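Per Swiss-Prot, these features apply:
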TRANSMEM  4-24  transmembrane segment
TRANSMEM  41-61  transmembrane segment
TRANSMEM  73-93  transmembrane segment
TRANSMEM  102-122  transmembrane segment
TRANSMEM  148-168  transmembrane segment
TRANSMEM  175-195  transmembrane segment
TRANSMEM  227-247  transmembrane segment
TRANSMEM  256-276  transmembrane segment
TRANSMEM  299-319  transmembrane segment
Amino acid sequence: MDWFVFFVNSILFIVPVLLAVALLTLVERKVLGYMQLRKGPNIVGPFGLLQPIADGFKLLIKETLKPSNASPYLFFFSPVLFLGIALVLWSVIPVKYSVVSVNLSLMLIIGLSSLSVYSLLGSGWSSNSNYSFLGAVRAVAQTVSYEISLGLILLGVVLFAGGFNVEVIESSQSWSWLMFSCFPLFAIWFVSTLAETNRAPFDLTEGESEIVSGYNVEYAGGPFAMFFIAEYANIIFINLLSVLLFLGGSSPMGEFFPVNVLVVSLKAGVLVLLFLWVRASYPRFRYDQLMYLTWKKYLPLSLSFLVFFVVLLGVLDSLPPSSCFL
């Protein structure tokens, strides 16, 4: 019976994620179209609403090709691993019927997200292509570099909230969102999430003018669709995590279902639209600028904020209790 409940909860998580990914592909093309003074998809279905279904069907019926010199097992296992990690990450999101309940959910998120590096490296190496391998090396270096800053920011959030549980962090912002009290930290977090998800202007792993398409250049059909779904699922997830960590989660509506879900979805949708606005507005960075930003700017700033929070909490703990609270 427990396995049946686990299976049902997993399906209830996976299906909305896939639907959200399909909707995001349509919204992205529409938003970019209007920002570039064109209409975007408007042929398939009313107002182009069925365009994601047509795109998905097209990818599924395409032939799955493998380069003759590619490593067959790792070549096909890498997209499966990438998609699996992207979907498993959603299981720790605190909802009414969670798939798993972990006290150290934030640590689990950090650990699982770091595993995606192996799928990117495996796909680039197993393709036996120079473009794929260069894209994979870029992706690994970029992801590992920005994960350090993200980890330090998360430690600062943990110090403020007093726990590694996402639910504890969300409930600690019932009166004031962490974004207001630590806006510089939130700004660094937001830009780092752009780099972590390989989005513009940090999409150097898929630099069309340099390495064609990056680590997935040799993929087609179903395996390419797995990479595509995983990338967009990660975009939605990282913005949902930003809402829970910095924007108070379902605050100010509390835990009233389904109002809380609508509030969180609305906040995450606004952040996703910011992702799309950045893509439409800014050109791609050079690779040296990307690395300079994280190692020379964000890493010292994140570490400085963390040290400041530790010292501040130590000073506040050493102060005697005020007489007005006695």
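Glycine is treated like the rest: Cβ placed from N, Cα and C.
With Cβ pairs under 8 Å as the measure, the transmembrane segment (148-168) is packed most heavily against 299-319, out of 4-24, 175-195, 227-247, 256-276, 299-319. Ranked by Cβ pairs under 8 Å to the transmembrane segment (41-61), the stretches 4-24, 102-122, 256-276 are led by 4-24.
Long-range Cβ contacts of the transmembrane segment (102-122) within its own chain (Cβ-Cβ under 8 Å, at least 6 residues beyond either end) map to 74, 77-79, 81-82, 85-86, 88-89, 92, 94, 136-137, 139-140, 143-144, 147, 151, 154, 158, 164-167, 169, 196, 205, 215, 230, 234, 241. Only residues 6 or more beyond the boundaries of the transmembrane segment (175-195), in the same chain, are considered here, and those with a CB under 8 A from a CB of the stretch are 142, 145-146, 149-150, 153, 156-157, 160-161, 201-202, 238-239, 242, 245-248, 251, 271, 274-275, 278, 290, 293-294, 298, 301-302, 305.
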